[in-house]
Amino acid sequence: MSESPYTSGTTHFGFRDVAAKDKQKLVGEVFTSVARNYDLMNDLMSLGVHRAWKRYFVATAQVKPGDRVLDLAGGTGDIAVLLKERVGNEGAVVLGDINAGMLSVGRDRLTNRGLVSGFDYVQCNAEALPFPDQSFDLLTISFGLRNVTDKDAALREMYRVLKVGGQARVLEFSEVTADWFKPIYDFHSFKILPRLGQLFARDADSYQYLAESIRKHPPQESLKGMMGEAGFARCHFKNLTGGIVAIHSGYKI
């Protein structure tokens, strides 16, 4: 298990080294800035494919009617809506996010669609979840783990609140596997994406950070190992779209 950033005192914010205690605030400023344009951000970062990734992520999850699910870094609620379709009227989805602005957007969006029953909204830090042990049948986090300061602590907390027999799933931008595609992907990430962010959201810096944060996130095998160290069993991952994103899964047994 790697040393906690809070112990070493420093961590990364994109390609910058910053004090570990400051990263949460810096990340919060990014997501407060992009909250109202979050779906646009994902469209720009993924060329629109994120919607298919998310549908597959939920469709292949271990979940059944009546289950209680926690969706961390739940953002604008798109994953939560898909999960609610799986758990049905008897089940419940808790949408958790550390950023109040993102949580507000998600709540407003679902309420405006008439989706009220069976959803709860909790502002929470993935490193210290405010839930009892063994609270959830399934735990998901999509495009959020890379922004967490202490990922090991977050994975341990995910394991703690998961019921025995439950599954945790992580959908995250990862390491591209095709060498020929890497220069194209880098060009899009560092040359095109910030300009699109400036053009459509008047915010090039946030989009620059988001591109950099992907490169600092642990690659597939490393994250699989981190999940195992946190206690998860039967850990595995599946690359999507040539490793642009990966789905990691682990179980509490």
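Glycine is no exception: its Cβ is also placed from the backbone N, Cα and C atoms.
As written in Swiss-Prot, here are the features:
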- Thr76, Asp97, Asn125, Ala126, Ser142: S-adenosyl-L-methionine binding site (BINDING)
If you skip the near sequence neighbours and keep only those at least six away, which residues in the chain come within under 8 angstroms of Ser142 (S-adenosyl-L-methionine binding site), Cβ to Cβ?
Lys54, Phe57, Asp71, Ala73, Gly75, Ile79, Val170, Leu171, Glu172
List every residue in the same chain as Asp97 (S-adenosyl-L-methionine binding site), at least 6 positions away in sequence, whose Cβ is under 8 Å from its Cβ.
Leu72, Ala73, Gly74, Gly75, Leu103, Gly106, Gln123, Cys124
Counting other CB atoms within 10 A of each CB, which of the binding-site residues Thr76, Asn125 comes out lowest?
Asn125
Write out the long-range same-chain contacts of Ala126 (S-adenosyl-L-methionine binding site), meaning residues 6 or more apart in sequence whose Cβ is under 8 Å from its Cβ.
Leu72, Ala73, Gly96, Ile98, Ile141, Gly144, Leu145, Val148, Ala154, Glu157, Met158
